[in-house]
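Input: a single structure, listed below in structure tokens.
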Amino acid sequence: MGCAQSAEERAAAARSRLIERNLKEDGIQAAKDIKLLLLGAGESGKSTIVKQMKIIHESGFTAEDFKQYRPVVYSNTIQSLVAILRAMPTLSIQYSNNERESDAKMVFDVCQRMHDTEPFSEELLAAMKRLWQDAGVQECFSRSNEYQLNDSAKYFLDDLDRLGAKDYQPTEQDILRTRVKTTGIVEVHFSFKNLNFKLFDVGGQRSERKKWIHCFEDVTAIIFCVAMSEYDQVLHEDETTNRMQESLKLFDSICNNKWFTDTSIILFLNKKDLFEEKIRKSPLTICFPEYTGGQEYGEAAAYIQAQFEAKNKSTSKEIYCHMTCATDTNNIQFVFDAVTDVIIANNLRGCGLY
């Protein structure tokens, strides 16, 4: 009887060990499948992060991608110039030379006829170059926080000769700088450090937000993007709400959302290069009237970080913050490496394997 019982006990113990081993293997496998949700207000750099993942973790852009982005570069460039020209009368800025009026008319005509995605004609290229060199246009550009303008405007308009060449082909950096509004959900899959990543980018504009929250309650982590440089700008959607205040509000609603109680949150304070330039001449008090610090990058950036971290109401949830420049591949590679290490540690801890 004793022998029979010990045989049963041994069999039960063996079964128990097998179940535990299977559970552990399942846990390890589950810990290898990483779902990341990329969130943030419109134009915070989410789509650029997705493009960087293609460059860093996939085989980069295809020949077809380069071909498809060529008209986008043309359109982004001419539409940026149009945005500046349209703002001039609103800001009571004159051209330094009256002849620029006819150049501006040519640029407006091209956009009106919806030819903005086509290569620049020689006449159009010459007109755009004259306009961009005009002192009045440059003055209006320097006040771009007072109207809506793509971040990449200067990047493209400073390089009109290259973009206007007959044999122009976009570079990787050109593609990273392009702006196309994201609608719906963009999904990217890649492997890194023996993990299988699924990255979801969701349209940032207000009208899109209600579509995603409940669908992603099982994500491993949220990467929340904030454009640091937008502290002195207002929204496209209503032109009265400060963009950074809107970002803070959205971060609050995500960070403390019931669906994401146990979800790691990684905060990308993005566009640090533009912020570093801007903070010298545009005070942070535009967004945070109570700020008493200096007009200096380190102090101002730390203050912005503290405002976002203060929104976290959970004592058990940590916010992992990084200052980023989404158009800088080396910077994003370095930051994503650090992010992955945090995810690995958290995931293994969650499975009881760390």
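Glycine residues also receive a Cβ, built from the backbone N, Cα and C atoms like all the rest.
Note that the coordinates shown come from a computational prediction; the quantities given were computed from them, not determined experimentally.
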Stretch carrying region 'G5 motif' according to Swiss-Prot (options 144-149, 252-257, 258-263, 324-329): 324-329
Intrachain C-beta neighbours of ALA326 (GTP binding site), sequence separation six or more, cut-off 8 angstroms: GLY45, THR48, ILE49, GLN52, LEU176, CYS225, PHE268, ASN270, LYS271, ILE332
Outside the region 'G5 motif' (324-329), six or more residues from its ends: residues with CB under 8 Å to it: 45, 48-49, 52, 55-56, 172-173, 176-177, 225, 268-273, 335
Residue counts (helix, strand, coil, in that order) that DSSP gives for the region 'G5 motif' (324-329): 1 helix, 0 strand, 5 coil
